[in-house]
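Engineer: This structure is in C-alpha cells; I'll ask about it shortly.
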Amino acid sequence: MATNRTFTMIKPDAVADGHTGAIIKMIEEAGFRIVAIKKTLLTGERAGQFYAVHSERPFYQGLCDYMSSGAIVPMILEKENAVADFRKLIGATNPAQAEEGTIRKLYAKSIESNAIHGSDSDENAAIEGSFFFAATEEY
Ligand code: GDP
C-alpha cells in the first residue's frame, strides 16, 4: 500500500543557480507538506553511500562528484500517494524527455545535473529520509 511520504533533495546545480525558492513553491503548490527541511553538504563518501545502488554504473563517480560539489536541500514531504505524485511533478531523469511544466523540464541542465531527486518507492523514501533527518527533525 502506498504511504503518504516521499523524500527529495534539490541538487547542487539548482541550489547554486538560485532556484531553491521557485522549486519549493512548486512543491507546496502541488499539495505537498514539508515535514523536514535543511540546507547541507554531502561529502563524496556520503554521496557514494546515498547512491550505492548505482556503484557499478559508469556514471557513479561523476554522480558522487556532482552531488558533493555544492549545497543541497533535502526534504521529507507528505501528501496522499506521495512517491508517485512527486515523480510526476519532477519529470523524467533526462530533462530532454521530461514533460512540460515539470521541475526537471524547467530547471535541469542535463541527465546528471537534473536539479532534483525523488524517491522511487515507499521503502526507499523511508531509508533516504532517515539518511538525512532524525525523527526529532520531523514536524
Ligand atoms: P532518478 O530516480 O530519476 O533520479 O534516476 P536514477 O535513480 O536512475 O539515477 C540517479 C541519478 O543519477 C539521476 O538523477 C542523475 O543525476 C544520475 N544519472 C542517472 N542516469 C545517468 C546517466 O546515464 N548519466 C549520468 N551522467 N548521470 C545519470
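Positions of Cβ are set from backbone N, Cα and C atoms, glycine also.
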Engineer: Hey, TrEMBL has ATP bound by LYS11, PHE59, ARG87, ARG104, ASN114. Any idea which of THR3, THR93 it lists too?
Structural biologist: THR93
Engineer: If you count the C-beta atoms lying within 10 Å of each candidate's C-beta, which of the binding-site residues THR93, ASN114 ends up with the smallest number?
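Structural biologist: Comparing Cβ neighbours within 10 Å for the binding-site residues THR93, ASN114, THR93 has the fewest.
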Engineer: Would you please pick out, from the recorded positions LYS11, ARG87, ARG104, HIS117, the one with the fewest other Cβ atoms within 10 Å of its Cβ?
Structural biologist: ARG87
